[in-house]
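K.L.:
Got a structure for you, questions after.
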């Protein structure tokens, strides 16, 4: 099956599973056309493959949500706390368990490879040119070694494909649940969390699921493999292997303790990260006020202090990671050193086959016990913290919608009936927000609510909307609510999409509303009319324009158009208006005067004039007018005489597409205010230099280089010295045997001296490799974390100094994405990646150099394979950079959508638009999943080919040694 064309893929979902079924086991060939395209030009969003149906955010999220809802109900009945971990296991446990078969097979092949290596080396130890049977046998072993290398390569990447896709699915489902919960949070619950915490849950906590799936199976595969390897070590070197096994056993409790510490530090770090992102959200939202009052320095100091506390915890975690990675580097050397020291001191003869088999087996257990197993423990601890945080968030109280919008029956008209209503925002406080309020508003009536600041006007609207919990009394709302908030709320997109808010466009009705809301002139001045894109929080519009767009959703007017709109277009509706514009009181059917949550006066304007002259006098006083002016400009709630099952229509996005249709226009697709810019080409060298020099001086960098070179040289020389020791012992034993055959007495003084000398050098090289390896990791992690701290401070300082136009062009989510996800990557992943890179690079260079010094002919296959590697690297990087940048830019709309939704939460719930917003969030997530999955698979494409090159190198080396068997034997030649 050939890949689908990369043109306009956003309009059709590409079934990547079909490609994987046909070509994944071979070479991920379905990605090759995309890599060719990325090599020619910059990739765009339209070039990405669509997400498969089973990986869509809505599908994954709803499946997990059903299981979570069932768990919550079950836990409530059993009087226990719901367990999110058990829900994840029920949802994904069976599929993930199947991936464990790959892990088991992979580690079994590694053990078999070590045994095959021993058989091949044993052939050279006992080499007989005339023994053709042994030659055939060793060729079979070499062929098995080659086949196992290629099988290991294919199975390893099949395993990574499965577990990485599983991690992505869990993360996407969790994000869906978190957003769904955020739209349903009650006002009390919103006081228990912050926007920063929710953003942190979506940017950092959910990423633990991408990480834990990689190594979780090693919690059971590791110990099982260790027992198998101990069996073969006993067979190879006898009880001496217990010395090395004891060293491994001592490391396990230390790694487990490290894992618990990671969990503690992760929990503390999350608190500071939540606080930092919360402050960042407030700074970006109120940047105009900050700049107007020149508050940049105080806010910079506030964020810097929180960041300093966060970095302190991150630094502790980084030290532990440095020790973990250094343990992986040094553990095999320590284990092999202890094993062969004990083996030699017990008088055993060290042979080449025993050395290479033992080192290979310990190398296998080193990866499992000192890398994969500790990583699994670490990620389990960190994920447990994240699961606890997510679970606590999902268990927050949701808003009750008992009174908002009861369905109408027959020809029943809309109405609002409130009787002796008492409500509290916080019942622990003595004063209620509303106390003993009674009012009834029928269809065709207009109720105007007035009162000073803190009178309870907004609380009354909140109670009608169902946002303010009822304590006593009754409140019944019949019909469908719409709500124009005190602060106009608009979301990034076109003006038309903000007015329609997901409904179908009736052009005649639409133009009538535009004229009623005084938007006609505004639209004529805008370059694209009602299809003009507006920024986050409506930053590109004036306050009046935002208010008119906000009210156009409700067919309403502002200022001079209020009378014509509310008393004209909406004259048949049940209306509640909260305002300080007292000139509109005469148009009201009822007036409700509130003060400190109590009703002080109620009735029509004429009734108030006759029965409450003091109240009318108060209304006319200039002092009270000024006090009311400090209240809300306009809060308005409208009730439509519609049945609840007659909605405005349900669509998956907030934005609409242009159409030539004059009557009905389709719903627009997801649209953003401005496209996020992306870099092109290679990452410039000065960026790497700035990253390293920001936290490390030149002296520190030189120290790191020195530590790295000395550690790697000692690391390689230890293996070389062990081989040299084996060869010298071989010649020593051969010379002793010849002397005995010739009747010459041999003493052991020289042998004892030689043993002390070889052990001394071997011990020194081991000590140098271990000490310098640990020092190198700690210094690098310290320096790179300091770089992350300073770069964050520089970025935040630059954001504060930038003109206000920057915040108009960039949504909050995009800015928060830089300060949450990207900073998190720089804090934790980048140092790990760098340490891993240079360790593997230096080790590979050292291994090839040592091998070439012994058998120079090895360089013959190395040179062409190196050129192939460099070509693949160049071919791969041109695409992978673009895919990674697309992954970053498609992640920003997720946070922008979340931030915008939280700002307009009451409006969204008043319009019953939660489902439309959820679908828009799912659409943003699906777009990000396309980029993320491509990033993972292009990495698999490249890694598969690199491992294939390594398998070819193993094949050439193995058969090359057999073909050159009659030449110089490094095991038997000085």
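Yeah, the Cβs are placed from backbone N, Cα and C, and that goes for glycine too.
Not measured: the values here are computed from a predicted model.
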K.L.:
Do you know which of 272-296, 297-321, 322-346, 397-421 TrEMBL annotates as transmembrane segment?
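P.N.:
In TrEMBL, the transmembrane segment feature sits at 322-346.
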K.L.:
Tell me which range among 118-139, 140-161, 162-183 TrEMBL lists as transmembrane segment.
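P.N.:
That would be 140-161, per the transmembrane segment entry in TrEMBL.
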K.L.:
Please tell me whether the transmembrane segment (352-373) and the transmembrane segment (761-785) touch - that is, whether there are at least 3 C-beta pairs under 8 Å between them, with each pair 6 or more apart in sequence.
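P.N.:
The answer is no, given that the two segments have fewer than 3 Cβ pairs within the 8 Å cut-off.
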K.L.:
Hey, which bits of the same chain come close to the transmembrane segment (140-161), Cβ under 8 Å, at least six residues off its ends?
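P.N.:
Contacts of the transmembrane segment (140-161) (Cβ under 8 Å, skipping residues fewer than 6 from its ends): 20, 24-25, 28, 99, 102-103, 105-106, 109-110, 112-113, 116-117, 119-120, 123, 214, 936-937, 940, 943-944, 947-948, 950-951, 954-955, 958-959, 962.
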K.L.:
Taking residues 6+ outside the transmembrane segment (942-964), which of them lie with a CB under 8 Å of any CB in it?
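P.N.:
For the transmembrane segment (942-964), the sequence-distant neighbours (Cβ-Cβ under 8 Å, at least 6 residues beyond its ends) are 27-28, 120, 124, 135, 138-139, 142, 145-146, 149-150, 152-154, 156-157, 160, 851, 855, 857-858, 861-862, 865, 868-869, 872-873, 876, 880.
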K.L.:
Under 8 Å between C-beta atoms and at least six residues away from its ends: which parts of the chain pack against the transmembrane segment (847-872)?
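P.N.:
Residues packing against the transmembrane segment (847-872) from afar: 716, 719-720, 942, 945-946, 949, 952-953, 956-957, 960-961, 964, 970.
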K.L.:
Restricting to the domain 'ABC transporter' (416-621), what is the model's mean pLDDT?
P.N.:
76
K.L.:
Residues sitting near the transmembrane segment (322-346): Cβ under 8 Å, six or more positions beyond its termini, same chain?
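P.N.:
Result: 237, 240-241, 243-244, 246-248, 251, 254-255, 258, 355, 358-359, 362-363, 366-367, 369-371, 374-375, 378, 711, 715, 718, 722, 755, 759, 762-763, 766, 769-770, 773-774, 776-778, 780-782, 832, 835-836, 839.
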